[in-house]
Amino acid sequence: MKEDGSSSSHVPISDSKSILKSELLSLLKTYNCYHEGRSFQLRHREEEGALIIEGLLNIAWGLRRPIRLQMQDDRERVHLPSASWMPDRPSYLQKEASPQDSKVTAKEPGAPHANKAEVSRDSSAPLEEEEVPQLMRTKSDASCIIQRRPKSRAPGEAQKIRRHRFSINGHFYNHKTSVFTPAYGSVTNVRVNSTMTTQQVLTLLLNKFRVEDGPSEFALYIVHESGEQTKLKDCEYPLISRILHGPCEKIVKIFLMEADLSEEVPHDVAQYIKFEMPELDSFVEKLKEEEEREIIKLTMKFQALRLTMLQRLEQLVEAK
């Protein structure tokens with residue numbers, strides 16, 4: 001890896017580091033061989049001499065605090081009730097409605113039927129390779145204490161419930177369950193390319209699930225199986241980092257975590273994380289014994305030096 005990424009033979013890893021294009025292509029070939037026959041294979045192309053890689057990037061949820069989903073969704077459809085009067089239409093024609101119009105008018109008061117039709121149309125649409133946005137909830141969420149809805153409701157209460165329902169990319173949630181914590185370790189994915197920085201990937205992921213919190217409150221971490229944990233800087237490219245760390249997610253995963261609750265774990269510390277407390281206590285005892293031996297050794301060394309200095313001073317005094 002070199003510091004200068006301006007040459008067309010290099011691909012930038014961050015603002016100050018780059019990798020040889022041939023080396024990255026070799027790693028990409030290994031990555032695609034691992035995911036052969038699956039939708040996680042990455043494609044690459046060149047634009048104006050620059051290598052661009054694109055595809056799906058898996059990101060695991062590692063949040064400790066609940067997140068809040070937005071109450072508005074840009075994919076919601078607005079259903080306007082049809083009025084009995086229409087502009088630019090004679091009054092005598094408004095009274096004479098066709099049989100088809102009468103059928104539609106009869107169905108209009110049942111607003112939930114229209115919602116069901118929209119949901120069924122959305123469900124019948126062809127799915128893309130990218131997964132449908134779904135968030136696995138933990139057992140500590142408010143969803144666990146939601147009581148079963150009664151079968152019959154008053155018209156006013158039903159209208160209030162419909163007013164508090166909202167859609168997230170086709171999935172409906174109630175306002176009472178819009179605040180929850182995704183299950184730790186559950187995996188989602190986003191379609192990214194090698195030119196997207198950490199902040200851009202975070203923004204894309206949060207927008208996918210309509211998360212109300214901003215990207216500055218989160219961070220992406222490279223988490224190793226050993227427990228080593230490294231934060232991706234804002235100037236780094238997560239897809240490039242994924243390729244560099246290999247395709248196997250049992251060894252290395254990319255986690256979304258809170259920026260203020262997470263911290264980096266160096267390799268020297270990570271190697272002790274998986275030990276049990278009795279084993280760690282024995283390590284501490286051995287370190288204390290070694291420390292005491294070093295203290296005794298240093299004490300004897302300086303006592304001998306002090307004795308030598310005193311003897312030399314006595315010799316100098318006697319010589320005078």
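Heads up, the Cβ atoms here are built off N, Cα and C, so glycines get one too.
Taken from TrEMBL, the feature region 'Disordered' applies to 80-134.
In the domain 'Ras-associating' (173-261), the DSSP tally of helix, strand and coil residues is 24 helix, 30 strand, 35 coil. Marked as domain 'Ras-associating' by TrEMBL: 173-261.
Annotation source TrEMBL lists domain 'SARAH' at 269-316. Summed and averaged per residue, pLDDT over the domain 'SARAH' (269-316) gives 90.
Each residue of the domain 'SARAH' (269-316) gets a DSSP state, and the totals for helix, strand and coil are 42 helix, 0 strand, 6 coil.
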